[in-house]
Amino acid sequence: MGTSLFTGFTRLCKGLAVVLVGGHIILQILPSSVDYLALIPARTIPFAWNLITAGYVEQSVHQVMINAIGLLFIGKLLEPIWGTREFLKFIFVVNFLTSLCVFVTAISLYYITMQENYLYMPISGFHGVLSGFLVGIKQIIPDQELSLLKIKAKWLPSLSVLLSVVVSFFTEEPAKYLPTLIFGTYMSWIYLRYLQKNPETKHRGDPSDEFAFSTFFPEFLRPVIDPIASIFHRMLCGRTATSDEARGYTLGGAPLPGSHPVEASRRRERGARALEERLAADMLATGGKEEESKKDAVENV
């Protein structure tokens, strides 16, 4: 089982991992390239491409190692379920929206504090998308217990954000990574909740109560979070909900097939089944390798 843990990585994930490593190498060879590839709010207006490139440029060795390993292992689970095209679309959309939110936040912090470091601080890294992957795991296999951590998968995004906030009190310049991680988590939820297209039903999003925004918080906080979340829901998605009803997504107050939360539960069942199949395949692959090694040993004897 140990050897199978390091196999089965998808071609797309391996390619993106090479991009992360390559981007870090470029920064080491040409340090000045950080001014053009990383997100520097004061230079984003002429160099707008850094809203995209910043997510694929790692400035430190430990950063590139953590993000590349996370991409390989989590991508091995998510990509077969979503499909390669949807997986790549998720990465692109979440990365761009996260960078855009970080840019707006940095400009706002400058006008609030008048500190220029918010304008010229180079911000980059894949950790925004990586935090979004955790939201994807929460959606697909929320009740899957992680044997190593002894917690359910649905709490991974919340714990990641909480841990990052705690760590930010003990590190210098937390603005370099904390907004990216927080917005990566939120933007990925927005995408999966309202925008991701279901290839089977042709409808978008996951309307289930189990994937509501308040589920990222402990049970006792949900009565407070739900009213606030409903306000933002009406602000951001009220027009979309109206257009959905106009298209006939509801009939006499009852959702049509595919738009009901039951479809979301089916999606989670498919995710759990895909996880079980992958684990079974890994075990079979490991068993086959052990049998081959035994045969080789017998022949050598």
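Glycine residues also receive a Cβ, built from the backbone N, Cα and C atoms like all the rest.
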Which range of 118-141, 214-237 is transmembrane segment, per TrEMBL: 118-141
Same-chain residues at least 6 beyond the ends of the transmembrane segment (90-112) whose Cβ lies under 8 Å from its Cβ atoms: 16, 39, 41, 44, 50-52, 54-56, 82, 118-119, 121, 123, 126, 128-129, 132, 136, 175, 179-180, 183-184, 186-188, 190-191, 195-196
